[in-house]
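A.B. asks: Pasting in a structure now, in structure tokens, and then I'll have a few things to ask.
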């Protein structure tokens, strides 16, 4: 019935009952070939559309058969715009007698968290200070300039080369935190501007891929520390994490490596090799295999700029070695910072928690200081960042006291540590998991 329908026809259309579904029925549709999810009690069939999902089909697929309301709000700053894509996918609603939450999730925590989000919006905590991000970009470009001037003025001796490498590694680490801001759509109101600048920062300043990052990182945020859903805990049999995985490996007599020594070999193959070996290879292969030609062009522009800048000082082979040494230094920085908030927390199979509880279970904070903020790209406020991923990082400290209060109200632990302890806890966690594996391997 179009706009030309008469009043009687419109009334008849409104009287048509909307299909309703129980959670039992919805939860059956959690397969790769059959996906339903719920947002604000409305049921959507995303089976075919998930392939077109800008964030990737896996991240949205992880919520198949579940309520995705809070995840939907967390990832999308412009709800009115993305809501247009949902309308054709609507197939019904939750039955009136059904609770809004699936799997017995805590409705009171969810209600309080949504009230907290409304408070954050009323406090304008999702509003960006653009000068802040311009200064971040300026200091990255300044570091790049200082690095070039050092080798230009002092020559390519060992001391000047080491200084230049450390300055460039610092620039790369800071560019990594900055691309993270744009990737989360936390800078500009319009997603398209965030996407454009994201490609510039991660592509031209770092030589990486925006699509690759989106595909991995959004899954991590959607289901942090959940095996088979969070790619950040897929260690390719190199490490065993948490309590469940090492025991399972031990029971099955899986011994790809001596995991009881993983807290020792972590120093050899974790921080040194993640970026220069694994990520660098994976990023290039992903862009080629998935034909991400725009991302590849941005990445190539980085390598062209780097080699034009440093081949005159080191030659082709020397510049290539220099690049990988910078990646080696940056990798240490990246691994220690990114793992201190997650690897020490609960890592397990899907437990179907509410959004607030799932993020608090998987994340912890590091104490605030000017250095900690800069060193970690404000990921020392990992809890707040995970709860509100589109909130500009300069506002995370403002919402932290309210998050702490909500945790106290519901008896949820809010973990915050000094930086050194957070770093050392990585090793303690690996050692603990290694012991669990050895015990299960020998005795179960």
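Cβ atoms here come from the backbone N, Cα and C positions, even for glycine.
Source: prediction; values computed, not measured.
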A.B. asks: Under Swiss-Prot, the annotation transmembrane segment belongs to which of these stretches: 132-152, 195-215, 216-236, 237-257?
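C.D. replies: Swiss-Prot lists transmembrane segment for residues 132-152.
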A.B. asks: Please state if residue 85 and residue 305 fall on one side of the membrane according to Swiss-Prot.
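C.D. replies: They are annotated on opposite sides of the bilayer.
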A.B. asks: According to Swiss-Prot, which listed range is motif 'Histidine box-3': 372-376, 377-381, 382-386, 387-391?
C.D. replies: 382-386
A.B. asks: Pick from 96-116, 306-326, 327-347: which range does Swiss-Prot record as transmembrane segment?
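C.D. replies: In Swiss-Prot, residues 306-326 carry the label transmembrane segment.
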A.B. asks: Go through 132-152, 158-178, 265-285 and flag the stretch with the largest number of C-beta pairs under 8 Å relative to the transmembrane segment (306-326).
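C.D. replies: If we count Cβ pairs closer than 8 Å to the transmembrane segment (306-326), 158-178 scores highest.
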A.B. asks: Any residues 6+ beyond the ends of the motif 'Histidine box-1' (180-184) with a Cβ under 8 Å from its own?
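C.D. replies: For the motif 'Histidine box-1' (180-184), the nonlocal Cβ contacts are 133, 136, 194-195, 197-198, 201-202, 210, 213-214, 217, 377, 379, 389-390, 392-393.
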A.B. asks: Over the topological domain 'Lumenal' (286-305), work out the mean pLDDT and round it to an integer.
C.D. replies: 97
A.B. asks: Where else in the chain does the topological domain 'Lumenal' (286-305) make close Cβ contacts, counting only residues six or more beyond its ends and a cut-off under 8 Å?
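C.D. replies: Those are 199-200, 202-212, 215, in sequence order.
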A.B. asks: Residue list, the transmembrane segment (132-152) vs rest of chain: Cβ under 8 Å, 6 or more residues beyond ends.
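C.D. replies: Residues 160-161, 163-164, 167-168, 170-171, 174-175, 177-178, 181, 187, 201, 205, 309-310, 313, 392, 394.
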